[in-house]
Amino acid sequence: MPLNVSFANRNYDLDYDSVQPYFYCDEEENFYHQQQQSELQPPAPSEDIWKKFELLPTPPLSPSRRSGLCSPSYVAVASFSPRGDDDGGGGSFSSADRLEMVTELLGGDMVNQSFICDPDDETLIKNIIIQDCMWSGFSAAAKLVSEKLASYQAARKDGGSPSPARGHGGCSTSSLYLQDLSAAASECIDPSVVFPYPLNDSSSPKPCASPDSTAFSPSSDSLLSSAESSPRASPEPLALHEETPPTTSSDSEEEQEDEEEIDVVSVEKRQPPAKRSESGSPSAGSHSKPPHSPLVLKRCHVSTHQHNYAAPPSTRKDYPAAKRAKLDSGRVLKQISNNRKCASPRSSDTEENDKRRTHNVLERQRRNELKRSFFALRDQIPELENNEKAPKVVILKKATAYILSVQAEEQKLISEKDVLRKRREQLKLKLEQIRNSCA
C-alpha cells in the first residue's frame, strides 16, 4: 500500500531529532563541503571497522518512508544552491525546507534509490529497500551524497554561461539528471522479490542486480568474495549491496573509488571459525574461493587376522580334530563380531573393503566347514584314523573303497540272514511234524 502523506503534514522536529548529529545549520556557507571535511563526520568504511560503532550510543532511526520524496520541493533539490543565491532557485526555500530536503537526501533511500517518483504509483514501496543493516551504512551514504552534490555543483559552475543563460543551462542539466533518476526509479527492485525469505535465513536467495548496475557488478563480486573470506565476518544474515545512481563521465573515477570503499562487513555469511581465511584486503579476497566444509569420513580399522595360505606351514603342535574344529569356529565367530563393531560413517572405498572382507570371512567359514567334514570322514576310515596329515584326495579314495567294502559285507550279511531264515522255517516244520507223530 503506498504511503500518501503530504509534505505539509511532516513533523520537522521529529525528523530533525533523528538526524541532528549530522547537520550544523548555523553554518550555511558551503554547507556540504564543510560537512564532508568535518572532524565530527563518522569514519569512512575504509577505516578501522570497530571505530564505526562509536558513531552513536544507540542505533540511528530507520529512514522515513513517506511520499514527501515525490513533492515538487524535493524535485528542486537537484538545483539547490548551498549559498542561498538565485542561481539554482535555492533562495526561495526557507531554512526549514532546506533542512528537510537535506534530511531526505542523507537519510532517505541510501543515494542509489531514485529521488523522483510518482505519488500515485506503487513504485515508492518498490524502490525503498530495507535499510540500516549496520550503523556504518548511514555514514557511508552521507559521505557519498556530499561528494555527489559537490561534484554536481562544480560541474554546473564550470559549464555555465552568463547569468541569464546559466540559469537556463542549469535547469536543463538538472532536468536531464532528474530524467535519469526517474528512469532508474522505474527499474527498481521490489523488496518482495529480493527478499522472498527472512533475512536471517542462511539459505535465502541472493538479490539480483538490475540492468543499471552493470558498472557495479565487478566490484560487487570482489566485495562478496572478500566478505566471505574476511576473518572479521560475524555470523549475521547476508545484507544487500545497493546500486548507485547514474552519474556523468566527469565523476566516474570518483564513483568507482566510492564503490571500492563500500563497507565490506555489511556483506556477511555464516562461516565456521576454523574455516575463515586470513585475507585482509578486498583485492586479495577477490581471488579467494569460498570455504567448503565436506563431510569428514572416519575410517574404522577392523582386525580380521586373515590367514596367509601362501606362507609355509608353521611348526606348531597338531591339535586333535575336535579341538581344532572348535578353535576354527571360535576364530570365525570372533572375526564376524569384530567386523560388526564398526558402525562409524564410511566412504565408498571403505564400504567396498568391508564387503570384500565380509565375503572373505564367509568364504573362509565355508572352507572351514568343508575341512571339518573331511576330518570327520577321515576319522571313520580305519586306515586313516590316526593320520592327521592325510590329503583330501587320499581321504576320498579310501572312503570310497571303505564304502564299497562295507556294502559288500552288507550284501554278504543279508544273504546269510536269508539262509538262516530259511533254515529256521525248515526247523519249525520239522518240529511240527515230530509233535504230530507223538500225539
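The backbone N, Cα and C atoms fix where each Cβ goes, and this holds for glycine too.
Looking at 61-82, 105-126, 171-192, 413-434, the range annotated in Swiss-Prot as region 'Leucine-zipper' turns out to be 413-434. Range with Swiss-Prot annotation motif 'UBR5-degron', chosen from 85-94, 155-164, 355-364, is 355-364.
Among the ranges 19-27, 100-108, 370-378, the stretch that Swiss-Prot annotates as motif '9aaTAD' is 100-108. Counting every protein chain shown, 8 other Cβ atoms lie within 10 Å of the Cβ of Ser348 (phosphoserine). Averaged across the motif '9aaTAD' (100-108), pLDDT for the predicted model comes to 68. In the region 'Leucine-zipper' (413-434), the DSSP tally of helix, strand and coil residues is 22 helix, 0 strand, 0 coil. Secondary structure of the domain 'bHLH' (354-406), assigned with DSSP and counted as helix (H, G, I), strand (E, B) and coil, comes to 42 helix, 0 strand, 11 coil.
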